[in-house]
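Note sheet for the following structure.
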Amino acid sequence: MQRSPLEKASVFSKLFFSWTRPILRKGYRQRLELSDIYQIPSADSADNLSEKLEREWDRELASKKNPKLINALRRCFFWRFMFYGILLYLGEVTKAVQPLLLGRIIASYDPDNKVERSIAIYLGIGLCLLFIVRTLLLHPAIFGLHHIGMQMRIAMFSLIYKKILKLSSRVLDKISIGQLVSLLSNNLNKFDEGLALAHFVWIAPLQVTLLMGLLWELLQASAFCGLGFLIVLALVQAGLGRMMMKYRDQRAGKINERLVITSEMIENIQSVKAYCWEEAMEKMIENLRQTELKLTRKAAYVRYFNSSAFFFSGFFVVFLSVLPYALIKGIILRKIFTTISFCIVLRMAVTRQFPWAVQTWYDSLGAINKIQDFLQKQEYKTLEYNLTTTEVVMENVTAFWEEGIGELFEKAKQNNDNRKISNGDNSLFFSNLALLGAPVLKDINFKIERGQLLAVAGSTGAGKTSLLMMIMGELEPSEGKIKHSGRISFCSQFSWIMPGTIKENIIFGVSYDEYRYRSVIKACQLEEDISKFAEKDNIVLGEGGITLSGGQRARISLARAVYKDADLYLLDSPFGYLDVLTEKEIFESCVCKLMANKTRILVTSKMEHLKKADKILILHEGSSYFYGTFSELQNLRPDFSSKLMGFDSFDQFSAERRNSILTETLRRFSLEGDAAVSRNETKKQSFKQTGEIGEKRKNSILNPINSIRKFSVVQKTPLPMNGIDEEDSEEPVERRLSLVPDSEQGEAILPRSNVFNTGPTFQGRRRQSVLNLMTHSVNQGQNIHRKTAASTRKMSLAPQANLTEMDIYSRRLSQESSLEISEEINEEYLKECFCDDVENIPAVTTWNTYLRYLAVNKSLSLVLIWCLVIFLAEVAISLAVLLLLDKSPRYSKGNGTASGNGSSAVIITSTSSYYLFYIYVGVADTLLALGFFRGLPLVHTLITVSKILHHRMLHSVLRAPMSTLNMLKAGGILNRFSKDIAILDDLLPLTIFDFVQLLLIVIGAVAVVSVLQPYIFLATVPVIAAFVILRGYFLHTSQQLKQLESEGRSPIFTHLVTSLKGLWTLRAFGRQPYFETLFHKALNLHTANWFLYLSTLRWFQMRIEMIFVVFFIAVTFISILTTGEGEGTVGIILTLAMNIMGTLQWAVNSSIDVDSLMRSVSRVFKFIDMPTEEGRSTKSIKPSKDCQLSKVMIFENLHVKKDDIWPSGGQMTVKDLTARYIDSGNAILENISFSISPGQRVGLLGRTGAGKSTLLSAFLRLLNTEGDIQIDGVSWDSITLQQWRKAFGVIPQKVFIFSGTFRKNLDPYEQWSDQEIWKVADEVGLRSVIEQFPGKLDFVLVDGGYVLSHGHKQLMCLARSVLSKAKILLLDEPSAHLDPITYQIIRRTLKQAFADCTVILCEHRIEAMLECQRFLVIEENKVRQYDSIQKLLSEKSLFRQAISPSDRMKLFPRRNSSKHKSRSPITALKEETEEEVQETRL
């Protein structure tokens, strides 16, 4: 960044904002980059501002029982705030004084007033000077107030972030991420621009008092008639505002529903295309859009009336003020013009400035109170440790997650001791405690010596992570004692990657030691990965390490924990995303050898780890089920250990399967498990299979696929239970992860639409607490096409050389946390870490965009012509009035009456030509109430245009090829449907209306002035030319600065969420100061852009006003010097010229707003112009209930005989198939050729990333493909894409359940009757599940069907395939996380319902693969082998490597017995448990 010219700028340059000229010039000539932005002044740095406010807040906390944040803010900013307020007031006073001078100038043209005529020129100079003074006072004052507002926001941003890092886990459990984002964006945005309006809460009343005093002098009591009308108008506007909010609240729920479905569609677009559901999804979304648009129109109409009321009020205010006085006493002409000028100022003060100021104070004080409450939340307490302690001891420890339970426990215990109450009372006390919440850990005891390994095992929700949290001090024990040295290192269950390089992630602020670093890299198997990157370990990782695989992230997290020199290492399931061989090697080399002399606590469920541990602690429902050695486990719990050992390949199971088996075993053998379960508990568990509610609702804030929902989900049907998920959670079900009331769930939890342009946004579905965010994994299943070849680790299954035994920790490092962070952090690096893709849109909206926008709906052009016709009619009326004035005698005393002092005065009477003249002045102010006949059709039509654009964009996205969609971020696509459509619906119609309204007022006023005094037209031409040139000059830079500012917001919120995700790691490593510094750097980056935007905006506003001041000076002196005796002419010219001043500036700002908002239209057009998938029929196939063919999803084909249906057998022939993700990309699959006989089952084999799932996608033509595939003799080139895809039934790896009823999810086209759906539900074992829910098939699933287990969701997919009657079934790891029961159901259904179908299976379970007749082995993008299992096992192959010799002995007899045509019977559950899973995930 460049040094700011502001630092060396002169007073003159600062006053006129001339120091911004270099950046304006550069922005006009070329595209601005981040390096072009100026550094912020030191006074605006987040460090200084936060330190200042933090000092005052600490002082407030120390001095008072009831601290107020507003007092701390007052001590920091009050005097500057008041100084600029006084400047603002003085600027506003000049507006009140201007009409006085105008009246004197008009009076000087009275033929009998010769005295004042001589000083008219001086009065004109005085009037012009008032405009100059107002310009010099107003702009510095407004800029100063914006600047203070910015500083207040920065200081509070920083204070809140520091508080977040200190919050206790119990508090984090009750705060949703949406609430934090809202706190930082919604509330604090009010300070930035709102502060300039705050002073009008006292300025406006003073202004009104002054104006009423001056009007009283002119009109006496009748002046209050106009004021009364304005007050009534303000109240009406307030009422309309409330009505508008009511409509908008109703509409928010509808928008929410639409965006939920849209986001689910975008997340699962591949499944939507595979199922051919494009039309069904489009119809569903369009139906929701229709309901939303009805409310949008109502809100827009109310807003329109509210806005236009201001424009139309001017005539009535003057009319009501003057008429009573004129009827009673008559009135001279100059009083009319003076009154008009006063009323213009009065109208602005009463109907705009004061209501806005009150709203600003209301919002700001509300925001300050919210922040104040947040800053007083309970903080994380650092436990006291004894550094000399070498052992880790836990004695009788009990803990609760619920806030206050522990304190309650202590208090009640003290009461027990004091009062020595009886046993009966004691039991009463404990029963009361149980009502408050169940303990997450109960009576835990263990002791481990230095250098020992403690393995902690237990089923899901047993309290394993909570145990580690308690050792770290994150969870306070309610009773018991914990003892350890306090020097802790921690590896989280869900790997957390901070933005930065691999090296920085591993070192994490600890001083660098080359030998130690290399040892850790080697032990964690990272050498091969790092060597593949061009930048090695200096490669910058994006948000959440998105470019890495799950295994790479896990190993970097482990390396970070191991690198730190600590006494105690807490490893929370660190091997979850590693394949079996890598896990074994890392466990041996790292945990057992490298860390041999360190105390380690490892959370695991692997038998191999339990055998090697010095001590084992098995938890069940928060209690210690067993503590001792492995041999003691076998002796004391023989049933339990033999049961686990009975699973021959327990270690080979995935973590989810091991947890499932462990849960069942613990349930069977625990003492508590034998007790009878109450009826209520049974009912509560009825949705769960083997204790699982299902796949945990992943709060993937940092994942661009799943982090795109901006609105909370509205639950239509009340759930019969609190859906707290268990599957991956480490806390028991009793723990409530979010205590936000249900009534709040309809709120949109995100800031206004202008807060984010790009970058991450936050989902609010069933508000997740921050603690829940920390204990959920980021979705690791990133599509492989999103990773570059360099960043995808090809896992080698070959054993690597064993590390020599070493203990690198003997090399004690120098003081920790010694990383120097005061140095300047590269902003480009920050941008690379945090920011989303920069949009490729021109700096200024092109004319082509405007023309396309006009052409969207023919009615829009007609409405604009209609507006022009009305405008011409208004001008014609105006000219007719002028003609009447010209022909009437100018000072007809016959129509007047003598005033008291004998001088000739112009009196208004009903017959006077001046009455017409007066009417015209009112007409000129409002141009005959412009809008009711013009504005309403315009607003209505613009909303219709928005409707059409949304429809076209949705259609285009659904029809776009996957190669195009893969290049876009899901969050970016949803932004078009949320933010940009909201702009098209809400902001654009009213902004265009305002601009048209203001522009016509200005043109009308200029036309009138020019007709009255032709010389003024000569002054108008250069002014309009200057305005157009200046606007174009400024617009280039301002739009780029706004874009950069918008991008600058992204790092702030991304860093916030990144910090929350890794908060436990941050605290364990003590890196809070480092992350505060990073946050301040991100804030400073945004501030630099925002401050420069504010400065250039003020430069532009001041230049516009200076041009108008010059114009007004020209008009004044032309009028004074060239007009003969005609006070009416001078009056109307000067009155309109003064009115033009404010109106034209408003029109200029509106034109800039229109240009800015039209960028959203440009982005929408960009999506509408996306290419469509090749081969799609122009006439889409509409399913019909009556049509039997569409009902069974089979189509007549020209290549097949009329009597046949296609496909009939399911024979597939693949010839030279090559697949790419994008046209110019590398081939993912090359020259694949093979054939499959009808009804044959083929298994796909290959390591992770070999291309198995890619091949299935290629069959569905979801990729760019070359070559040919034929099904039953019909080539894919000869039929439409939709017909081709409907030949396949699909069970994808990523299950797609959208928000809707069971019926809609199974049959979105509504083709099948209830009986047919129930029949299929019976076949796949879903009936019992669906019948448990109220409404059965009509029960509404939300949040991706989180109330269903992963197994139930797979059964839903299976049911869809059965209903489709497809002849070819594609299965992509259907049993990845299934419990044994659901897996048996799927196997049975595949054998029965798809007995005659061709099945292509990609699977990791060996037993499942044995059902296949042939296997296709894919290596290095090509087919290596295509044979039967016997041949594959007899040769050296990947399949042979994956199966141990003992397994081969078992498998051959079974395989030989199933060679015959009749397939083997379904394996029983007992047999199923003896299977082996070959886990090859990274």
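Quick reminder: no glycine exception, Cβ is built from N, Cα and C everywhere.
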Between Asn680, Asn895, which does Swiss-Prot record as N-linked glycosylation site?
Asn895
Identify the topological domain of Asn66 and of Leu968 in Swiss-Prot, and say whether both name the same side of the membrane.
yes
Of Asn386, Asn901, which does Swiss-Prot mark as N-linked glycosylation site?
Asn901
Considering only Cβ pairs under 8 Å, which range in 123-146, 299-319, 1097-1117, 1132-1152 makes the most contacts with the transmembrane segment (223-243)?
299-319
Under 8 Å, at least 3 Cβ pairs, sequence separation 6 or more: does that hold for the transmembrane segment (340-358) versus the transmembrane segment (123-146)?
no
Helix, strand, coil: count each for the residues of the topological domain 'Cytoplasmic' (244-298), based on DSSP.
51 helix, 0 strand, 4 coil
Taking DSSP as the reference, which of helix, strand or coil describes Gly1251 (ATP 2 binding site)?
coil
Seg_contact(the transmembrane segment (78-98), the transmembrane segment (299-319)) with at least 3 CB pairs under 8 angstroms, min sep 6:
no
Counting a contact as 3 or more Cβ pairs under 8 Å, with residues at least 6 apart in sequence, do the transmembrane segment (123-146) and the transmembrane segment (299-319) touch?
no
Please list, in sequence order, the residues in the chain of Gly1251 (ATP 2 binding site) that are at least six apart in sequence and whose C-beta is under 8 Å away from its C-beta.
Ala1219, Ile1228, Leu1229, Ile1418, Asn1421
In the same chain, which residue numbers or ranges, 6 or more beyond the ends of the transmembrane segment (1015-1035), come under 8 angstroms Cβ to Cβ?
24, 28, 843-844, 1006, 1009, 1096, 1099-1100, 1103-1104, 1107-1108, 1110-1111, 1114-1115, 1118-1119, 1122, 1133, 1144, 1148, 1151-1152, 1155
What is the number of residues in the topological domain 'Cytoplasmic' (1-77) that are helix, strand and coil, as DSSP sees it?
55 helix, 2 strand, 20 coil
How about long-range neighbours of the transmembrane segment (1132-1152): same chain, 6 or more residues beyond its ends, C-beta under 8 Å?
98, 102, 105-106, 127, 131, 337, 340-341, 344, 348, 917, 920-921, 924-925, 991, 994-995, 998-999, 1001-1002, 1005-1006, 1008-1009, 1012-1013, 1016, 1027, 1031, 1034-1035, 1038, 1101, 1104-1105, 1108, 1111-1112, 1115-1116, 1119
Segment-level pLDDT (mean, integer) for the topological domain 'Cytoplasmic' (359-859):
64
Structural state of Tyr1221 (ATP 2 binding site), classified by DSSP into three states:
coil
